[in-house]
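Undergrad: OK, TrEMBL features for this one:
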COMPBIAS  44-59  compositional bias 'Polar residues'
COMPBIAS  60-74  compositional bias 'Low complexity'
COMPBIAS  82-93  compositional bias 'Polar residues'
COMPBIAS  126-135  compositional bias 'Acidic residues'
COMPBIAS  155-164  compositional bias 'Pro residues'
COMPBIAS  165-179  compositional bias 'Acidic residues'
COMPBIAS  569-582  compositional bias 'Basic and acidic residues'
REGION    19-184  region 'Disordered'
REGION    559-588  region 'Disordered'
REGION    641-663  region 'Disordered'
REPEAT    192-233  repeat 'WD'
REPEAT    293-335  repeat 'WD'
REPEAT    388-429  repeat 'WD'
Amino acid sequence: MEDEAEIYDGIRAQFPLAFGKQSKSQTPIESIHNATRRPASAVASENPSSSISNNKTNDLPSISSSSRSWLDSLKNPKRNPRSSFGINENSKNIAKEDELVGPPRPPVDENDALIGPPRPPPESAEKEEDDDDDGAMIGPPRPLGGNEEDDEPIIGPPRPPPDPAESDSDDDMDGEPEDDRYRIPMSNEIVLKGHTKVVSALAVDHTGSRVLSGSYDYTVRMYDFQGMNARLQSFRQLEPFEGHQIRGLSWSPTSDRFLCVTGSAQAKIYDRDGLTLGEFVKGDMYIRDLKNTKGHISGLTCGEWHPKSKETILTSSEDGSLRIWDVNDFKSQKQVIKPKLARPGRVPVTTCTWDCEGKKIAGGIGDGSIQIWSIKAGWGSRPDISVANGHSDDITGLKFSSDGQILLSRSFDGSLKVWDVRKMKESLRVFDDLPNNYAQTNIAFSPDEQLFLSGTSVERDSTTGGLLCFFDRQKLELVSTVGISPTCSVVQCAWHPRLNQILATAGDKHEGGTHVLYDPTVSDRGALVCVERAPRKKSVDDFQAQPVIQNPHALPMFRDQPSRKRQREKMLKDPLKSHKPELPMNGPGFGGRVGTTKGSLLTQYLLKQGGLIKETWMEEDPREAILKYADVAAKDPKYIAPAYADTQPETVFAESDSEDEEK
């Protein structure tokens, strides 16, 4: 073995070091996240705290305004210490001959005046020197220290700490803006593309590993953060119901199945890998009473899985009913809920939701009312709480808080309302000027529920684009707005508690995608995993030749067409068939061809040459043209007249008997 190793070392020494298998160069994580970083100008305008946290020069999580001004004042002495302390050309000429200006190692003057010492003198001595010189202190200042020249206030910390970075982080806690305490992860962004229309449904499982997105292009795409690379491609695409938009997606509490709600009357259940487990039955549309039908009879509008029970789901429909289903029985529902209406009829239920404990159901009715049912023994369709005029238009989203005391509602009327479930007569706060053009626009809470967020739609004459608005739950005020897309509307949004990442769906009539906002310092897994994973390079082994199936005895309709290669080669050898068509002439003609100046066709050429072919029939009178042949026809008849020359030498015309014709 030793001999073989020595032989290998001897042979290897004859080749350069770059020869052979090289180690793969790994891209630094910082450069990867810099590629997905949101524009600095957009981040600064949207949230000042995030722009401060992304400052590369400070390398600090956040910097207050006072600390920032202090650090800026300390940067100038390093570049030009004389200019920062007021030493210019005029001051050099005024300086005394026996003074040495700005040495890094201050010498001792003849008059025992120590200028620019590294060891700072007492304050009294400094003041005496300042009074004698009538100017600023000459020489380099104390590093990171305060300068009391001209009786100005101290900028920055009065006592220079040993580590300036630690002092900055301590001081920032006092002067930190209010937006910093929310820590909205929005410094970086990736987009999960693939849809051709607006993404109207979004669902993230509880572990944060898989994302579902449904669109108006009738498809559902499944993304896996653990299996994706930097190309961000979905691993499966589904079309639940042909020709129907996706209106809702919801994971089960155990994340092993998910519910898909489309524009059809039947909801579907899929497993985690996208395989169909079942489809709920459709009701009889000819039965008037909805309680006697086995399922919905019109298109679904919304659906959500029970937050605690993995066997129960809730759906709402345009037929004016809400239904509770058992996943184990696809043939009939468990409960039918008919909302309370002001007048009899069928009003669609536009949205529905559970509370966090699964003990209450809220539904948004097409007449603008909000109704809440409490699930208890012997409960029925009569709602426990009903707000007649909750909104002036259709309600698109409802959301309960975790404690069940706050209810958020979103509507087509461009408003977001905050309700107290204990006092539903009036809303706590109304946020207007939030345009909404999609029936699936929802509301979401932050993980700590200090904030709630919702998206806005793009209007025709607006220049703001699709925004994601954040509101404070305690103060009930707008905290921040984040621009997602300049041309696409924001429909669905979610803030995942485990990943600490914000997902927002956007799109229009031509494209759609899911935007994932994250911060590498506070977010965990999710987008961080797939962004750092580079796509695999294509290898020679990846090539797969298409198999050729030889079936000479197949029917003519299934038989492959014979190859035309030999026929094409034969045609190329034929000078007539392979002759290239002549291009049209430009300018005067040459080589026997007529140019475009005198007409591209021969007839045009002859007409333009002076009347070789003249057609005057368009200028003559038709009666005169016929009469000019009358004398010739009488003298030399050719066809009919010679046959009657012997029997009827003179032509006899019929005479009219009517007086009108004579007149």
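Every residue number used here counts from 1 along the chain in the order it is shown.
Glycine is treated like the rest: Cβ placed from N, Cα and C.
Curation plays no part in TrEMBL annotations; they are all automatic predictions.
How about a rundown of where these features are and what they're close to?
TA: On the 0 to 100 pLDDT scale, the repeat 'WD' (192-233) averages 93 in the predicted structure.
Listed as Cβ neighbours of the repeat 'WD' (293-335) (distance under 8 Å, sequence separation of 6 or more from its ends, same chain) are residues 244, 247-248, 250-254, 256-259, 261-267, 269, 278-285, 287, 345-358, 361, 363, 439.
Across the repeat 'WD' (388-429), DSSP helix (H, G, I), strand (E, B) and coil residues number 0 helix, 19 strand, 23 coil.
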